[in-house]
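Here's what TrEMBL has on this protein:
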| type | residues | note |
| --- | --- | --- |
| SIGNAL | 1-19 | signal peptide |
| DOMAIN | 34-118 | domain 'Inhibitor I9' |
| DOMAIN | 148-577 | domain 'Peptidase S8/S53' |
| ACT_SITE | 157 | active site, charge relay system |
| ACT_SITE | 213 | active site, charge relay system |
| DOMAIN | 383-458 | domain 'PA' |
| ACT_SITE | 538 | active site, charge relay system |
| DOMAIN | 652-747 | domain 'Subtilisin-like protease fibronectin type-III' |
């Protein structure tokens, strides 16, 4: 799929090769690499640098004092001397510098040195989705939030195309007085919609988007209204972001080879200083340990400043424990389908029909039968890789519709290009088993349709049943009403969390399959329609960033944890057919695929109760993860002594869900809820226990006499009996009143005998 998942896989492949080439070229000039260096500030009693008096200039001087004072063998010219690339002020205390291994050894000897490591390279992981999410003009949350007015969303991505109509400032108010950012385009192209645009070290000298990814994600979060948006005439309608009156600030941290950690940290440092309210990061990669992951490190500092951070869960599903961005202080977003299909039907010679998708529906392609060719006998046949060849046998494919298997390092679009070059007239692209029923509406270069794995098996069975298989492709255009939606996308990364299995991740799922949004150019070679359809958690993440902006507009004093709680406790559990949300196999999706469920923005604006977390509450949580004092100090930007701090088990964090791992057969945890509705309200507990677990809650009723009142309850989880085999079961705990049902999902991991 050229949709984002394949884009991401392709980027990852190119990133490895390009970075190696770039590294080799650089090594010919010097042996300097970019290191992320963490330091401790001087003691407050230090006569020269009292912490309370340290300014930006002082920090710069302090950071420079760590660099070696004499040239090493790596530093024989000004261009190759050790030098600081970025000085960080907000995300942590430290800097990024070009250093040799010998330089690092010298720096390690300096007082105040904490750690140094080479930077890593991270990867990049609409017209209908607002309506699908229940957002309607002049009604409900859009009306109540004034469409996100006054909220600033910072996007960390590949840049932006500023003159796209999605970033017009028609109807936009001026940015808030707190805004301190800047526009780094050569000409004054920023406006009241795009209020800031910055690029960082490897940004090629401009915030301009050279790939399209950043333009796409920015317009999903907060694009302005654009009528007549479509791709090849499909998915036609008015394109608009989730928070259309929110302001946008683009921080370009990614190029064709990926996203460097030093740039990400610098961008988050700037975004905090600039005054953003929301940070949207459709990026994955880095270390899974929180203290060693630059994105999560920056997100912690942003959270402390009251900034909500939304991140992609990753595109490595459906494998277990494939998540990125697992920290409890960020919203980890998985991807789901919407109820719109761009339908293309495969019609076989035996009159069987199978519904697939493609965005490029060629109107002049005749719906007549053509010879159908597949070189293998089944989907796993080695010959299924046939379509990956750029030199296909013209005799075999000319004048035929060719069956290809999706997956591998060659995208479906590239396979179609190979078939067209070989004289083929069409392509039936069959999902790999892992993709199941998740189909993609890609812009193929020839008549094509992407079929589910199950339907693909039937097509291959038909081919094997006859000496002269035939097929046609019939285009049906845009079709609404897929009752399986929302369905968890096959590529959406799954839990459980590796870094903190006592916190349920992902948090939420949102629209991320076949999403139409702004693009850097017209894929139709038509200057009037600069839109594209992509898929990935890179698309679901900005949907939730937009939702967070709407909630921030309604509740400007809510903390990031409060906004997250409102989103999670009001999530939907059923699809359009009122059945439990399914995965890519059309089986009920498990809790490690859905998290709390599918976002419901309208319910989230008034959740009744919230689970809030004060930033200081993360200290005993981090100590409970058995991080060292130094590792926690990197996150907190100050010294911590876990010997004197209270240590808490992960499940004790005041999170709006429970992830219980049974070592001890009886476990007790407390939660505190805050009443955010009317003064007098009463809630009664409703329990659906996980299989094999008894649950008791004390008290069973919560009575609130005033707004913003906080009450605490205790939950006891008791293992009934250890099963023969390890298993995972799920349930829920809900507080219900006459108006609200505040639901916390529960997952219990039970080890076998």
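Including glycine, each Cβ sits where the backbone N, Cα and C put it.
Unlike curated records, TrEMBL annotations are generated automatically.
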Measuring Cα to Cα, tell me the gap between residue 157 (active site, charge relay system) and residue 538 (active site, charge relay system) in whole angstrom.
10
In the structure shown, with every protein chain counted, which of the active-site residues 157, 538 has the densest set of Cβ atoms within 10 angstroms of its Cβ?
538
Here the 10 Å Cβ neighbour count for residue 213 (active site, charge relay system) comes out at 27
What mean pLDDT score does the domain 'Inhibitor I9' (34-118) have in the model?
77
Residue counts (helix, strand, coil, in that order) that DSSP gives for the domain 'Subtilisin-like protease fibronectin type-III' (652-747):
1 helix, 60 strand, 35 coil
For the domain 'PA' (383-458), how many residues does DSSP put in helix, in strand and in coil?
29 helix, 14 strand, 33 coil
Determine, to the nearest whole angstrom, how far the Cα atom of residue 213 (active site, charge relay system) is from the Cα atom of residue 538 (active site, charge relay system).
9
